[in-house]
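S.K.: First, the structure itself, so that you have it in front of you.
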Amino acid sequence: MCKKYSSLVNDEAKSSQTVCWPEVCWQHPHMIKSNPLYPTRSQLSAPETYTVDDALEAIGFGKFQWKISLLTGLSWIGDAMEMMILSILGPQLHCEWMLPGYQVALITSVVFVGMGISSPVWGNVSDRYGRKVGLTICMCWSLYYGLLSAFTPVYSWLLVLRGLVGIGIGGAPQSVTLYSEFLPVKARGICIMLIAAFWAIGAVFEVLLALWIMPTLGWRWLLGLSTIPMAIFVSFCFWLPESPRFDVLTGKREKAVATLTRIAKENGKAMPPGKMIAYKQNERGRIKDLFTPQYCSSTLLLWFIWFANAFSYYGIVLLTTEMFQAKIEPSCRLECKYLTSSDYKDLLWTTLSEFPVILVAVEYIGRKKSMALCFFMFSLFILPLYACIGRTALTIFIFLARAFISGGYQVVFVYTPEVFPTENRALAMGTCSAMAKLGALITPFVAQVMLRTSVNLTLTMYCGCSVLAGVASLILPIETLGRGLQESRFHQEDEGQTTTNSSSNDATHSAEQQ
């Protein structure tokens, strides 16, 4: 295309000037104006610009993303191990310390109390001071108190220290917030689902570690060794860069460009030409912004979906060990019994269901339908547990139910960062995580206390909650499949947009408004 645009200001005086288009050249300026491709005067004079989205699309998925996948995955492994240990620690202390059922449930619940209280706080810290800052501090906190809990002398100290561990790992979901902001749109769904595989790796590793440690060294060594992934993360967190989206939103354009340039160099790609558009937003991480007309219904529905996910997921995890301990007879009564090698092996088989099972669905049928499918299938596979079935059948149905509810958990981790803008994305993840921890806080009293009174009532609680969550998933107002991440609530994409190519004029206008 010819670059002779500056002479078009005076059309009549410059009527002999040639302007070339991709398909045909016109000699007459009036014919140029009638062409829909004719550039406006502002477009002719404006310098070339690009957004963070444009840069990430140009850079693509490469070596850098693989590195950050491994590093953020370590925090996810540590989180999973601290969660999985609860289903192993409870039965052990129930018999070793002769604890009643409600005290066993409290060991699990205090962790979720800490997580529920701290999750919005970590979200606010991440929105105000940076994703890297929030994630690094929470991992250091979890590592410190996780190690201390291995030396706990009595039950009361165990409750306090495990509660403090819960406060730390309440910030673990911010690893997904950070990770999602480095991904191009086409890779985001699959990559976040795959990073959820690190949770599965952590859960499986915890069961294998328990199978090796518990019969010989005991639960204190298990608590101490379970902090290894967090220790590795803390050792290498200096490499972790801050999110360029966060830097742009805080006015640190040069730092964001430097980070993106570093990523491009590692991936062997070139940065887009021109100047990056900045969306500086001083008011970040405000809870009231989650309840604007644009986001209110999404916030409330997602809070319930996260609640139901955690209630059902941790419920099936705790039910696994509780029902494996059951003395299989017509009354299906439960009694105190140490977990055996056979129990750990069956627990391992059910934990393998954690690996992502709906990778294809999330990218083809969408986020909403994928979540709904997972909830409905979970309910379906819970139904056979109403009968006092044999151990093999019990293992199979628990495996299938856990596979689908963990899949739903993975999809909601993909969906939530895509709905909310960068200015309060971490806070949205934090508040949603807090609602999840409320569900996780309640579920021990259902799976470990109510189960001893009525198996059928316990299973009905889980089935009913998951069916309602499936309906809530279908009525969410936004489908985020193929949708680019928003930088600010003022920077809105067109309704129904399914590509990442945003208009430079709209972006510039949004930047000027702010």
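The count begins at 1 with the first shown residue.
Glycine is no exception: its Cβ is also placed from the backbone N, Cα and C atoms.
The shown structure was predicted, so the numbers you read here are calculated from the model rather than taken from an experiment.
The following feature annotations were taken from TrEMBL:
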| type | residues | note |
| --- | --- | --- |
| COMPBIAS | 497-514 | compositional bias 'Polar residues' |
| DOMAIN | 68-481 | domain 'Major facilitator superfamily (MFS) profile' |
| REGION | 489-514 | region 'Disordered' |
| TRANSMEM | 68-89 | transmembrane segment |
| TRANSMEM | 101-121 | transmembrane segment |
| TRANSMEM | 133-151 | transmembrane segment |
| TRANSMEM | 157-179 | transmembrane segment |
| TRANSMEM | 191-213 | transmembrane segment |
| TRANSMEM | 219-240 | transmembrane segment |
| TRANSMEM | 295-316 | transmembrane segment |
| TRANSMEM | 347-365 | transmembrane segment |
| TRANSMEM | 393-415 | transmembrane segment |
| TRANSMEM | 427-447 | transmembrane segment |
| TRANSMEM | 459-478 | transmembrane segment |
S.K.: For the transmembrane segment (393-415) against the transmembrane segment (191-213), do we get 3 or more Cβ-Cβ pairs below 8 Å once near-sequence pairs (under 6 apart) are dropped?
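M.R.: The answer is yes, given that the two segments have at least 3 Cβ pairs within the 8 Å cut-off.
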S.K.: Take the C-beta pairs under 8 A between the transmembrane segment (219-240) and each of 68-89, 157-179, 295-316, 427-447, 459-478. Which stretch has the highest count?
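M.R.: Between the candidates 68-89, 157-179, 295-316, 427-447, 459-478, the best contact partner of the transmembrane segment (219-240) is 68-89.
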S.K.: How about the transmembrane segment (427-447) and the transmembrane segment (191-213): at least 3 CB pairs under 8 Å, pairs 6 or more apart in sequence, or not?
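M.R.: No, these stretches are not in contact.
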S.K.: Roughly where does the domain 'Major facilitator superfamily (MFS) profile' (68-481) sit in mean pLDDT, to the nearest integer?
M.R.: 82
S.K.: Counting only residues 6+ away from its ends, which parts of the chain sit with a Cβ under 8 Å from the transmembrane segment (101-121)?
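M.R.: Contacts with the transmembrane segment (101-121): 82-83, 86, 89-91, 93-94, 138, 155, 158-160, 162-171, 173, 287, 314, 318, 427, 430-431, 433-434, 437-438, 440-441, 444-445, 448-449, 452.
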S.K.: Of the listed stretches 133-151, 191-213, 459-478, which one has the most C-beta pairs under 8 A with the transmembrane segment (68-89)?
M.R.: 191-213
